[in-house]
Amino acid sequence: MSEHAKMMPRSPGGPSPSPRKPVDTACCGASFLAEFFHMFNLVFLLGGLAVLGVGVWTISDHLAYAPLLSTVTYAECAWVLALAGVLVVVTAVLGCVGVWRRNRCLLLGYTFLLLLIFLLEAMVGVLAYVYKENVETELAVNLNRTFMDFYSVDAAKTEAIDRMQREYKCCGAQTYEEWRLSAWMKSSARDKRSKVPNSCCKTETSSSGAPCGASDHPSNIPHTGCFHRLLEELRRQLEVLGAVGLGLSVIQVFGMLLSCALYIKLRGLVGGAGD
């Protein structure tokens, strides 16, 4: 044996074990990605609360006239956006737990939920903008028929029409004169003195004892219809739904990339919780 070999130190228990892989703390390492993930998750959660808020606001304040529409697209956009907001809250909590426990299974579930939320928000955004371009045609075809055929016949539509005429200060779909040919005018439940529903009146109380709708004079009722005001309201709200859906769906794309990168990093660490 050579003199050099004799002088080399030997391990008392045989060959020395290979060094353990150090925890990756460099830029783009697991620790860095975990810290960055928490910052992203906070932004993600705030965006989700905004989505949920817009969805709930639309449902509570802007779906009163949905029964007057011939499709359910408008209502579906609002409900799906609210659902996406709820999923964001659940997903953000799941992501925090997954990173804290270094659990790759939870991170994988987090990524799939991000994909689902992205699809829901993108769908709402696209539907809202497409429907915004078509809602005028739908109203032009169906709103007048709804006023003429369903007022006093369908309770939900009757309530929506009354509320709209009071809130918008309008009477009829296009003009107050349409009420003369309506099913309501032929109804036995109508006060025979009424020319228009009482919800058309500027002041619904009458001192003469006759219903306020007995007079169709401009001093008593507005002569403008509700069509243009309803169209303006729907377009404005659909634009909000579309902007929120498409705009915030971008966050999910970034989140999926980040969670995938963190998943790969955790898989390479020794003793990972998901191994």
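Cβ coordinates come from backbone N, Cα and C, glycine included.
Per TrEMBL, the features are:
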COMPBIAS  196-209  compositional bias 'Polar residues'
DISULFID  C170-C201  disulfide bond
REGION    1-22  region 'Disordered'
REGION    193-215  region 'Disordered'
TRANSMEM  39-59  transmembrane segment
TRANSMEM  79-100  transmembrane segment
TRANSMEM  107-131  transmembrane segment
TRANSMEM  240-264  transmembrane segment
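Taking the Cβ of C170 (disulfide bond) as centre and 10 Å as the limit, one finds 24 other Cβ atoms among all the protein chains shown.
Within 10 Å of the C-beta atom of C201 (disulfide bond) sit 22 other C-beta atoms, taking all shown protein chains into account.
Counting residues per DSSP class in helix, strand and coil order gives 6 helix, 0 strand, 17 coil for the region 'Disordered' (193-215). Packing against the transmembrane segment (39-59) from elsewhere in the chain are residues 77-89, 91-92, 95-96, 117, 121, 237, 240-241, 244-245, 248, 251-252, 254-255, 258: each is 6 or more residues past its ends and has a CB under 8 Å from a CB in it.
Sequence-distant contacts of the transmembrane segment (79-100) (same chain, at least 6 residues past either end, Cβ-Cβ under 8 Å): 34, 37-38, 41, 44-45, 47-56, 58-59, 106-107, 109-110, 113-114, 116-117, 120-121, 123-124, 241, 244-245, 259, 262.
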